[in-house]
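Everything below concerns the one structure shown next.
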Amino acid sequence: MSEPILTLSDVTVAFDALKAVDGVSLTVPRGQRRAIIGPNGAGKTTLFNAIAGAHPPTSGKVMFNGNDVSELPPHRRARLGISRTFQITNLFPTLSVQDNMMLALRGLKPKKFSLFGAPDPDEAEAARIGSALKAARIAERADVIVKEMSYGEQRQLEIAIALVTTPTMLLLDEPAAGLSPSERSMIAEVIRSLDPAITVILIEHDMDLALGLVDHVTCMFEGRVLVEEPPEGIRRNAKVQEVYLGKPRHA
Amino acid sequence: MTPASKSRILGMTARGATTAAAILIVAALLPLGLSSYQVGLATEILIFGILAMSIDILAGFAGRTSLGHGAIFGVSTYVVVYMTSQAEMSPWLALLLGIAAATVVAAVFALLAVRTSGVYFLLLTLALGMIIWGVCLRWTQVTGGENGMRGDVRPAILVGQSAFYWAVLACAAVVSYAMWRFVCSPFGLTLRGIRDSESRMRSLGYNVPLHLFIGFSVSGVFAGIAGALYAMFNNFVSPSTVALAQSVEGVLMMIAGGVGTLFGAFVGAAAIIVLENIVSSYTQRWLMVLGITFVLIMIFAPEGIIGKLRAIFSRKAKAP
Amino acid sequence: MDRRQFLKTSTAAVAAMGAGTAPWRAAQAQATPIKIGLLAPLTGVVASGGKEMVEGVQFYLDQVKNEMGGRKVELVIEDDASNPDTALQKARRLVEQGNCHMLIGNLLANTGLAVANYVKGTGTPYFIPIIAADDLTQRARIKNVIRVAGYTASAFTHPFGDWCLKQGYKRIATISQDYTFGHEQCGGLAQVFTEGGGTIVQQFWHPLNTADFSPYLGQLAELKVDAIFAMETGADSTRLIQQYASFGLKEKTPLLMAMNGTDQSVIRTIGPECEGIVAAAHFAEGSDVPTTAKFEKEYEAKYGKIPSLYGFSMYSGMMWIDAALKKIDGKVEDRETFIETVLKTELDNSPLGKAVKFDDYGNPIYDVYIRKVVKRADSKFWNVPIETYPNVSQFWKYDPATYLKQPPYSRTFQGIKKA
């Protein structure tokens, strides 16, 4: 196993009395594909927010690539190479795909303050936008206005936006939620063919989709890590079956 | 990217540049065919067009409609009239000071308003504008109170109605070009991003309030230019120049022309000023007529005159 | 050539061109009508006054069958919307588009000052029967802006201050709308009253459109003064008079007002609360001078209301212009002569009741009435003269040159003599 890129030590995120994430420790090696699964309310998205910085941990430590990022705001973490998508599509609907990509690319660059500069991307920018769109398989849609695209394409654009800053770690928050089966397989294909150097952490409800994509699975329940196992073992794990299937039986 | 869009003149496509040049030439020839009063009206349209455009930068591109721009505009007018009539300063220097003052006021407005949006932004800018109005009304020793101030603001070479019109036209052309470059620039794109999704902009690493602050201040510079020209146009200023009605008129002109169309501002300004003038000579109820016209525009062309025309043309273009 | 020099020469050049075309225009004179541009606030805060201004002008034109100085008159009415920017735009329209020979009107000082500043450049004769801003006939006079049948704000409060002294008043407090018109009227009274030994105990300035006067009235009641002078216009005046009475001050302290406070436009809407209020003015609709009484009767018969300052002033202003036009056979095209003639013309047989002429600064010299609101036989209220100050100059008894050296009246300068 290669050296870890992400290490969480005893991370807790509390909203008043409620501990949404309660003492989570986990380690993700560089280049790994990792899924975080768990029933609703398990604390998956909150954990994402703690990693990406949208909601910094109340206590505990987040180490990324050798840096303690626990206290850093999201854009500082982004600069270090953490990139994420959102569970709820959050794009710029009246702008073109190209403009969406440009905004994503320039967020961390001084060029965003060019008040009277030419609008077009320079060569380096164009190349990065091109390759990100290609990786997300929407290269030919660059001039389309986002609100005119299908929902599946918008999810692909989410991934393209996350990729354009050439992150070292990509956090995907339910990338396939709400998609049709054919759109899901497209998303799966996009994720599978990502550059292997990129570490990918993914939250997904659809176990079949998630398990088919990753090397390792973390199952969360009530804010804590329940099980950590490779995908093959996870299906048979009694605890996992309990939290996923057991509850309704008692209800 | 099509090859045609690559050959550009000052960043404009060939077609855009031709259209701009044609409009400019027609506008420049207007004084030859109009009475001096009509030239005066045309001058007013240009000045208010600049004001409406400065509002559109925020409303159409950053999604923030300001009801304080009349006050920013008027501060410039006040400073220019004061500096020429009371401080006996050269008009050119007074113009610069006026624009600078408007920019400072806009920056202060921005500091207070950038963290709000929607109706709160509207109300906050409205309240700030009212403060400026109150100061102009109350600070009698400096502003002349209710009666305002008068002076000979126009430099000697611009005393003639046509000469002044051409000067304003040149100014409007440069300012329009600058504003167009501004909204198309990488920075302008960030404003449009903020309009569409503030939360996404934040997560992409943008300091949203800072961008709005810069956008507001730049918009203030342009409103200040319009205000300084207005000082030269009227040689006079009173609290009604900074009153809420002024801000509202600017916003209405922008909306009538089409929010986010930028140059629609001139069409909106022309429509409202011409209508005001024609209707008011036929009926005392001209304000009502104006109101009804506005309601009709809102019902039948909510995207504004230019917005509507664009929609019609693009529909025709799509139809075989 | 500096800017001022340029302005002078270019004005001279324009004037020369005008003179060159004058003979041709004179030949045309009899054929074409005289165009008069009337600017009045028909919308906005003072719209009711504006409508009475139009009535006053129409009333005069009806009487002379639309003919002045032997020529037909074409009246063009424009709404200044009670807004100086609009007033300026409409003035431009009347002069540049409508080719009006002269402008008359405006009600609010800021609209009048805006138009005055504009005609300073064009040279168009502009008559202001209502605009009372002191400096238009004092420190900032414009030759072609003439106050026919109008007045300077402080001209009537000077004698009023003197009258107060004669009543034996020692201590007076003032309350006024906080703007130049108020500062000027209060200043006139305060200066004469304090120089004669009186004391201005306190001055209250309130914003225009004050709904509730009780905070001010409460303080005024505590002051133990001999009289209270109030400078109010329009709805503020109505409210102050009503609240003054309901506060119980009417029985205790005499209320004196600037003449606009008890103008017909105000008191025709209120009842006995206004009875007994004293003001100083050049006109009292209840005067028994035959020309005044005749005008009042005819106006009331035609419009169903006692004439206000607005109707009366515009009517008299038109009459004054007509008197001048008769002398020059209606040749308004020769502006210089027209303006000179107006300034030299004495207005006789007007509702003012006595011949009136201009002083050297273009301000009319009136007999100033101290007038009191009394109930008429038909229980309407009107102003009746109780004392007259003959031939009052806008400079009162001061030497004009000395007077003009003092600053204009403002909130901070009220001419109050330190004891």
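Just so it is clear, glycine is given a Cβ too, placed from its N, Cα and C backbone atoms.
What TrEMBL records for this protein:
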TRANSMEM  B:12-33  transmembrane segment
TRANSMEM  B:39-59  transmembrane segment
TRANSMEM  B:66-85  transmembrane segment
TRANSMEM  B:91-112  transmembrane segment
TRANSMEM  B:119-140  transmembrane segment
TRANSMEM  B:163-183  transmembrane segment
TRANSMEM  B:204-231  transmembrane segment
TRANSMEM  B:251-275  transmembrane segment
TRANSMEM  B:287-306  transmembrane segment
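The transmembrane segment (B:91-112) is not in contact with the transmembrane segment (B:251-275), judged by fewer than 3 CB-CB distances under 8 Å for residue pairs 6 or more apart in sequence. Between the transmembrane segment (B:12-33) and the transmembrane segment (B:251-275), the number of CB pairs under 8 angstroms, six or more residues apart, is fewer than three, so the stretches are not in contact. Two recorded stretches are said to be in contact when at least 3 C-beta pairs lie under 8 angstroms, sequence spacing 6 or more; the transmembrane segment (B:163-183) and the transmembrane segment (B:39-59) meet this definition. Residues 252, 254-259, 261, 263-264, 267-268, 271-272, 275-276, 279 of the same chain lie 6+ residues outside the transmembrane segment (B:287-306) yet bring a C-beta within less than 8 angstroms of a C-beta in it. Scored on C-beta pairs under 8 angstroms, the neighbour of the transmembrane segment (B:251-275) with the top count among B:39-59, B:119-140, B:204-231 is B:39-59. Within its own chain, the transmembrane segment (B:204-231) is flanked in space by residues 46-48, 50-51, 53-55, 57-58, 61-62, 64, 66, 69, 72-78, 80-81, 84, 94-95, 98-103, 105-107, 109-111, 113-115, 153, 168, 171, 175, 178-179, 182, 187, 190-191, 193-194, 198, 237, 241, which lie at least six positions past its ends and keep a Cβ under 8 Å from the stretch. Proximity of distant same-chain residues to the transmembrane segment (B:119-140), defined by a Cβ-Cβ separation under 8 Å and at least 6 residues beyond the stretch ends, is recorded for 64-72, 74-75, 78, 105, 108-109, 112-113, 146, 239, 242-244, 247.
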